[in-house]
Amino acid sequence: MSSYEEPNNPELESFRQQWRAEVQARAARHASSSQRQQHHQHHESHAGPSSTSPAQPIRVTTPRGKPPASAKKTVVKDSEDDYVRSQPFDEPVHAAGAAQGEKGKGAAGTQQEPVTALEHYERAVEKEAAGNLGESLRLYRKAFQMDDQVDQKYRNKHFPKKPAPVSSSTSATGAGFKTTPTSTQKQEPSQPIPLKDLIESFSSLTITPAPPVIEGTPPPPCPIASLPEEILVQILEDVAINDVGDFVRLSLVCKRFAYLVATEDRIWRRICLGSEFGFGGMHYYWQCQITWEPLTEADLIREAEESSNAQDDPNTSGTTTPTTTTSFPAPALTLAARARLHAEEKRAVTLAFYNSPLYSSSWQRMWRLRPRIRFNGVYISTVNYMRPGLGVNQVTWGASPIHIVTYYRYLRFFRDGTVISLLTTAEPGEVVHHLTKEYVAQFAGQNNIPAGANLPGAVMRSALKGRWRMAREGENPGASLSEIEGDVIVETEGVTTLPSTNFNTNANANTTPLSYTMTPRQKGGGGSGGPISFFKSVYDLETLDTRFVVPASVPYRAAVADPSFGKPDKRATAPRWHTFEFWVYYLVFATAVPYMFWVAYDVSRPEDPRYKKYQKYLSDGWIPGRKIVSLYNPSPPPPRSPPFSLQSVIQDRRDEANHHQDVSDAQYHTFRTNLPYMALLLILHPLARKLWNTLVHPIPADAATSPSEAAADLRQRQRTSFDYAFALLYLVALHGFSAAKILLILAANYRLATSLPKRWIPVATWTFNICILFANELCQGYRFRDMAMLWTGPVKKGDPVPPVVQLGRWLDRHGGLINRWEILFNITVLRLISFNLDYYWSLDRRASSPIEVRLVPSHFCLYRNKSNVPKKKQLDPSSLSERDRVALPAPSHAFTFRTYLAYAIYAPLYLTGPILTFNDYISQSRHRPATISGARTLRYGIRFFLALLAMEIILHYDYVCAISKARPNWSSYTPAQLSLLSYFNLHLIWLKLLLPWRFFRLWSLTDGIDPPENMLRCVSNNYSTLSFWRGWHRSYYRWLLRYIYIPLGGTDFSSAAKAVKSVVTYLTVFTFVALWHDIKLNLLVWGWLIVLFFLPEIAANYLFPKRKWEAARPTAYRMLCGVGAVGNVLMMMMANLVGFAVGLDGLESIIKGIFREYQGLVFLGTACGALFVGIQVMFEIRAGELRRGVNLKC
């Protein structure tokens, strides 16, 4: 500043102020014009988001040392937000930056409504980035409906392929310099300078001070410009040690700084070798225990032994690592010596990697590419999954609403080798600032904190302690150099086994790829511990059906890879198996169970005086000295005398049906008789499929396992072509000429779905199929003889039988292996309804792929990086959850008649089920389910054989079924005999249904289709009338939910009106269930009794709410539930005896026999006590499942 002072002159001072104002205004106008021109050139050349981007070509328009005039007048104001995520100075600019710049420009003004498909897609990306997933989903759908290739156009626009570098020419003014065009010249676009040349062009530049704000005034001071380079490098090194991000952002200040940041290898070497952020701070051995306690001497000895064994292992030799890992001497080192040895080892490995071809002797390249952990943020995995839903009181047959559920997995790593893991639905803003060790120590594991508590306790109660380390070279033998250190291994509380699953992630541009490794639980009884362990694995829930241990909304692979898989449920209680209470229960079991079997066996002995009455229903068994219940009355029905008429024929069919008292008995008789032939078919059918796939319908070898949609289409056509051909042969073999009737019904149903207007499809489907149920029953399968007599009229006695009637009789006699096809056709009716309604619901989603509607950004990102926009990630169609397989519509080309017939008559599931929806069948035809494995299928087959053996033994020693078929005098039995005969009768019904269902499901599993398991629990392991139906005929229960219960609006007992509506819904569902089984009065009564018996349990839940009672008085609540459950069990027994065993008259006789004398009341009280004990054991079984992380809700 000058010390010269002018005299005080008001006019001169006024002139100076006017002159300064005019200069400032002129400078502002010039700067605005310059910025507009630069912005226009930026859009034309597709450069970076701003002119200050370090990777954008820079034009020097004046000789070095003299700034241009425009630069003197332009004041650049940098926003702090620009530095949230900077483009690395040594990478080319991506088009994403331009896209963000355009988006920011549009956001400044009024957003216009999108018109084209690309505009809809761009707006959807913005909404998704903002967290508005519902709106983004709507926009994505709209975009794909307008153009199914819009995603490719978006990629081509915003992420074009990088053009090949073009060498720059040298002008007369020097390399890398061009003359500034005048205002009258047209500026031609030029090719960008290669990055290496651009950085080199900065080598001779100095730090240029900022220009003065006003011309003629001194520039602001710039002391750093006069520092020697050695001191400047030391300052930059100190900045880098404090924060590498700040050091890199210095490259945006000036070109000299950009050159130093890009080329000063001494600084990058210090960063890489240091322990602040570099590889000196990484851990390749455990630094603590999982609970954050220090390592013990036993841990150090174990580590030394493992290191010694790893060196002796021949599998670890031959690695491509450019160094040799330092080994531990024996005995184990002390903690201090161990730390020194590890530090030396990390430094040696880093120096060796520096000279490797992967990093090309560049410390900066090593920093960017070598895996490492960041400690200045939180790693967050955001997972969104979709499930279909419906309003509780909404009745609709259209597209159901979609619920998008979001949950987060948080990982915060610490420098000392510890980590905090948290899986929660809480938003990052509620979690990140509380993810500290202090809050973990204060709140973690406190289950008594309510869900609605204040932060941080509400979220940190579920936090888990853990430890982390990077993978070492010896743990990945045979891997390439870039893959040796590609994993980070995390162990948290509740995870006790070695890592097995990797989730590859990218944090951001400054963080190298990271692999997060977690381990699923050890399945109970699934280990290899000899015959006892294998027997336990046979009866494991996962052996029965993986659906019982994996949530329906989560894919199987993702569920078993999740570290929370198998984690105890928070509602689980401590085991009671070894308490005094349960030792008393064991004594009751040891007394009651043998007595129950003895009573049933005692009335089945030949010495019993009532034996002769039911002896005709017995036949010789395969156990020496014992007979077996034949389950089928071989005597023919009483013949009817002519004249023949339609009425007499229909009556004959009814008499024939009524003659076999229990249709399920006839079914099991057929199943048992044909079991050897069906077992042979179970083996030959998959072999025939392989032969078909090889000779008749081959596909390319790579298409057999490729997850692409094109390969899935090939697999679907291959599988359904075989199923279609085999279905025709199977129908003819089973039903002979009656197969034509079935095909005619199927064709009519298909025509209804594909020809009627959309709004009429549901009504027509239900009307047609319910009419088919009644017609099949009343007309007894439409015998050809009956149809011929409709044409010829009744045949009188003595008249010759017309040839048409004779032909009809001949066709009826050739009815295949199962002449009465209509008995088992009810299962097929469910598949016909499933196809029609799945087709109806798919019509709303035809314009877009069902996979693209799933927005699942499942990558890890640093929360501190505000500009990290989650990418749109499509759902993997080869790894869908069960709910997705059922809800997502099949491709439009799958709704053909051939595929429809292949599904409806799919051989393994045609006769008895389980029931599989059409969408699920198509999905599994396209992608083999991950739930199918040979070992699990083998264990399932062994479990089926053991159930078959149990059935055979019961039929040989307990003749309860024959006794009930003989219409006995129930008054001749004691109350104990009456009760236990009824009890075992229900078990026989359960087994008669269980065995065919499991056999045909076993056949389906062998063939590559995984249908639901029908029987979840034994009939003796149920205490709730509401929950019973979730596990009994489970596939039918799920079918009812999807196609009847949910469309009717579900149930809601929050008010009297809603309760009445809910009861009507229950009555509608169970009326259909009863009529679907058979058109009989006792089944209708059974269905209505079930609804009636729902009401006491619903009322008890309302009067004794679980949340209130269980928290305050858990033991009293458990005892109260046991008392109520005894009543439930008795009511369920009565309802099922009416529907499937003795009918109303038989139940009335049994009840009278029990209550006719005092002895019956005493036995009833004793039986209720035994049931109470059994129910307490049922409670503990379910508590044990919760301790394994399984909640079956039944």
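Including glycine, each Cβ sits where the backbone N, Cα and C put it.
According to TrEMBL, the features are:
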type	residues	note
COMPBIAS	24-36	compositional bias 'Low complexity'
COMPBIAS	166-190	compositional bias 'Polar residues'
COMPBIAS	314-328	compositional bias 'Low complexity'
DOMAIN	221-271	domain 'F-box'
REGION	1-112	region 'Disordered'
REGION	157-192	region 'Disordered'
REGION	304-328	region 'Disordered'
TRANSMEM	583-603	transmembrane segment
TRANSMEM	724-748	transmembrane segment
TRANSMEM	760-779	transmembrane segment
TRANSMEM	900-919	transmembrane segment
TRANSMEM	940-957	transmembrane segment
TRANSMEM	1059-1077	transmembrane segment
TRANSMEM	1083-1104	transmembrane segment
TRANSMEM	1116-1138	transmembrane segment
TRANSMEM	1158-1179	transmembrane segment
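Among the stretches 583-603, 900-919, 1059-1077, the one making the largest number of Cβ pairs under 8 Å with the transmembrane segment (760-779) is 1059-1077. Helix, strand and coil counts under DSSP for the domain 'F-box' (221-271) come to 43 helix, 0 strand, 8 coil.
Residues 538-539, 543-544, 601, 604, 621-623, 626-629, 631, 984, 987-988, 991-992, 994-995, 998-999, 1001-1002, 1005 of the same chain, all 6+ positions outside the transmembrane segment (940-957), place their C-beta atoms under 8 angstroms from a C-beta of that stretch. With a cut-off of 8 Å between Cβ atoms, the residues of this chain six or more beyond the transmembrane segment (900-919) that come close are 667, 685, 720-721, 723-724, 726-728, 730-731, 734, 742-743, 746, 750, 818, 824, 827-828, 830-832, 834-835, 838-839, 885-890, 996-997, 1000-1001, 1003-1004, 1007, 1009, 1011-1014, 1034-1036, 1038-1039, 1042. Only residues 6 or more beyond the boundaries of the transmembrane segment (1083-1104), in the same chain, are considered here, and those with a CB under 8 A from a CB of the stretch are 1024-1026, 1029, 1053, 1063, 1066-1067, 1070-1071, 1073-1075, 1077, 1117, 1120, 1124, 1127-1128, 1131-1132, 1134-1136, 1138-1140, 1144.
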